[in-house]
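> Got these off Swiss-Prot a minute ago, pasting:
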- 9-16, 56-60, 118-121: GTP 1 binding site (BINDING)
- 206-213, 253-257, 318-321: GTP 2 binding site (BINDING)
- 3-166: domain 'EngA-type G 1' (DOMAIN)
- 200-373: domain 'EngA-type G 2' (DOMAIN)
- 374-458: domain 'KH-like' (DOMAIN)
Amino acid sequence: MIPVVALVGRPNVGKSTLFNRLTRTRDALVADFPGLTRDRKYGRAHLAGYEFIVVDTGGIDGTEEGIETRMAEQSLAAIEEADVVLFLTDARAGLTAADLAIAQHLRSREKTTFVVANKVDGIDADSACAEFWSLGLGEVYQMAAAQGRGVTNMIEYSLAPYAEAMGIVKQEDGDDDEEEREFTEEEAEAEQKRLQDLPIKLAIIGKPNVGKSTLTNRILGEERVVVYDEPGTTRDSIYIPMERQGREYVLIDTAGVRRRSKVHETVEKFSVIKTLKAVEDSNVVLLVIDAREGIAEQDLGLLGFVLNAGRALVIAVNKWDGIDQNVKDRVKTELDRRLGFIDFARIHFISALHGTGVGHLFESIEEAYDSATRRVSTSMLTRIMQMSQDDHQPPLVNGRRVKLKYAHAGGYNPPIVVVHGNQVKKLPDSYKRYMMNYFRRSLKVIGTPIQLRFQEGGNPFEGLNTKKLTVSQERRRKRMVGHIRDKNKD
């Protein structure tokens with residue numbers, strides 16, 4: 001399971017700066033749910049050989065009045081559900097009453113916590129950080145998030161114990177930037193073979209009360225207990241093995257666990273972190289939407305995270321029975337308008353309560369998974385790449401035409417196509433989108449996003465046949481070239 005790292009601290013200690021650096025800024029806001037998360041942000045990070053979800057909890061300005069009264073409920077939830085807490089302090093401002101209050105709360109929760117003294121650039125760091133040892137949370141790590149100094153080491157120190165305990169293998173590829181990482185055809189082949197031997201992991205997600213539990217029970221064909229009061233039950237999703245028509249699945253049920261803080265509270269408690277972890281651990285995501293409410297901002301936020309995670313996707317519009325035809329037409333129009341950016345995903349209109357349309361979901365789930373894991377040869381990908389060039393040439397960059405040489409598979413689930421050539425890193429985003437759509441149409445990819453990676457370099461097969469032509473072969477070649485030229489003149 002992918003670890004979750006929560007950034008905690010009072011305002012203006014550098015949490016947002018660290019968050020943007022960890023998530024590389026360009027895809028920092030992968031899941032921002034207005035009205036639900038308030039000042040909390042979620043992002044995917046890859047650093048020091050580890051992949052993890054990072055959560056910016058927002059600032060805590062409470063001091064002597066008590067941490068519980070000043071910390072937002074969502075920030076409390078982030079601490080509860082995080083695997084590792086990074087407690088950021090300001091080395092220049094020194095220890096404050098707010099820092100002491102936060103430390104007291106963290107000690108009471110017994111969370112794995114690391115104290116990080118930020119903004120150590122340009123000062124005597126050791127002297128400035130000495131007082132933070134009095135927080136009683138162990139070693140104090142020095143960092144300058146704005147300059148990036150100490151960030152990688154801090155992540156490695158904080159995640160290594162958790163990774164060792166959970167059996168997570170550190171990636172030793174030496175490159176933490178997904179865009180710069182070398183994707184090899186051999187690795188893709190191994191990944192494709194590995195996926196063929198595993199059951200399909202299906203995550204059922206959606207905002208509260210859209211019918212996820214009802215749909216899960218309908219799929220399983222049995223009633224399941226969905227309310228638990230034992231400590232820790234809100235932490236992780238439930239994994240349910242099942243088999244359907246000879247194919248093995250693992251349902252990742254994010255709605256099967258609820259928490260009742262009060263006896264009369266029956267509304268499902270929505271855990272964003274639990275949902276995001278389920279998405280990361282899945283092969284296919286089934287997003288459930290309430291037909292009566294239409295597309296909500298939370299739905300769009302979840303879709304953003306699914307796309308960034310590269311997971312195959314099927315959409316189920318639930319509670320379709322019993323609504324008027326004019327309402328159905330309005331919902332379909334809204335879906336077309338607001339979900340145009342995921343036109344590759346199948347949309348089903350179902351009733352989980354009565355079972356209408358539920359059986360057809362698995363046809364699309366299998367189709368999406370097969371598209372995400374189907375092996376494609378280098379020759380086919382290179383041919384499609386050449387066809388895309390013939391239809392629309394790459395633009396000029398600094399007066400020179402970008403030259404695309406060959407393409408190969410770089411991974412599966414999601415399908416990754418690696419394009420090699422000269423100046424490919426300078427291709428404009430518009431041409432990259434054109435190529436991505438061209439590959440999607442040509443490969444008939446349904447139900448899964450497709451990713452393109454561009455790498456500088458020549459054809460690996462160049463120079464293999466360096467044997468010099470004989471005199472007779474050279475003469476024959478000249479005659480052939482002359483014949484072709486004469487034919488073209490005619």
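In case you wondered, yes, glycine gets a Cβ from its N, Cα and C as well.
What you are looking at is a predicted structure, and each value in this text was computed from that prediction instead of being measured.
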> Could you check what DSSP calls K212 (GTP 2 binding site) once collapsed to helix, strand or coil?
helix
> Using DSSP, would you call G206 (GTP 2 binding site) helix, strand or coil?
coil
> Please list, for the domain 'KH-like' (374-458), how many residues fall into helix, strand and coil according to DSSP.
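Counts, helix then strand then coil: 32 helix, 26 strand, 27 coil.
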> Going by Cα-Cα distance, which of the binding-site residues (G9, N12, K15, T57, V120) sits nearest to K212 (GTP 2 binding site)?
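Out of the listed candidates, the nearest Cα belongs to T57.
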> Using Cα coordinates, what distance in whole Å links N12 (GTP 1 binding site) and T254 (GTP 2 binding site)?
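Distance (Cα to Cα, whole Å): 34 Å.
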> Using a 10 angstroms cut-off on Cβ to Cβ distances, just flag whichever of G9, K15, G206, N209 is the loneliest among these binding-site residues.
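Minimum Cβ neighbour count within 10 Å, taken over the binding-site residues G9, K15, G206, N209, occurs at N209.
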> At the Cα level, what's the spacing in Å between T57 (GTP 1 binding site) and T254 (GTP 2 binding site), rounded?
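A Cα-Cα distance of 22 Å.
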